[in-house]
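To start, the structure itself, in structure tokens.
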Amino acid sequence: MDRFPRSDSIVQPRAGLQTYMAQVYGWMTVGLLLTAFVAWYAANSAAVMELLFTNRVFLIGLIIAQLALVIVLSAMIQKLSAGVTTMLFMLYSALTGLTLSSIFIVYTAASIASTFVVTAGMFGAMSLYGYTTKRDLSGFGNMLFMALIGIVLASLVNFWLKSEALMWAVTYIGVIVFVGLTAYDTQKLKNMGEQIDTRDTSNLRKYSILGALTLYLDFINLFLMLLRIFGNRR
């Protein structure tokens, strides 16, 4: 007699969650690899670097396009097909690579690599915490979101003020915020994954990519904040 009967209603949601989270991290990794490749390739292209550094309209257009893609993916996910969702995420990752290519001009390759490793370690630890903790992190959501808005506004103000003190304050606060968001977003995605029907492969793909985009943004922003702190300028 089986003393510990296994109920399908228990086993299937757990298996579905694991499938969903595996795809989230998988697509996030694909996005990061594409971003890294495009950034490296663009940094080694004199034509692309000249375009980025001399054509302000192109750079502003690039940033607007990135914001538009995030809004479309977040707001219209239910209306998009799995194929279009995948294409838009890949496009966003590539455009981010173009935007970030300048870091190879500003910082040494060794410091970029070491900062990436540090970021991966911090991200992994906090994502693991968010996934495994029994503590409900939803209460931190509003606080982290308000802090994020504060960081964005302070960064915009400092674009004109050029205050080094404000820049460092934003940087260190930003590290704390994105570390917290990593744990918060991971738990939120875990809760979402428990509700997803993995038999609907199209829906699974779309929401896996949406989750990947969320964690991708946390990782990229944490990396940029840490690079300001640990990066060695050329």
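Each residue, glycine too, has its Cβ placed from N, Cα and C.
Look at the topological domains in Swiss-Prot: Leu17 and Tyr131 end up on the same side of the membrane.
When Cβ-Cβ distances below 8 Å are used as the criterion, the transmembrane segment (103-123) is approached by residues 39-40, 43-44, 49, 179, 182, 215, 218-219, 222-223, 226-227, 230-234 of the same chain, each at least six residues removed from its ends. Highlighted: of the candidate stretches 137-157, 164-184, 207-227, 207-227 has the greatest count of Cβ pairs under 8 Å to the transmembrane segment (80-100). For the topological domain 'Cytoplasmic' (158-163), the number of residues in each DSSP class (helix H, G, I; strand E, B; coil) is 4 helix, 0 strand, 2 coil. Counting same-chain residues at least six beyond the ends of the topological domain 'Cytoplasmic' (228-234), those with a Cβ under 8 angstroms from any Cβ of the stretch are 103, 105-108, 110-112, 114-115, 118, 167, 171-172, 175. Tertiary neighbourhood of the topological domain 'Cytoplasmic' (158-163): same-chain residues 170, selected by CB-CB distance under 8 Å and a gap of 6+ residues from either end.
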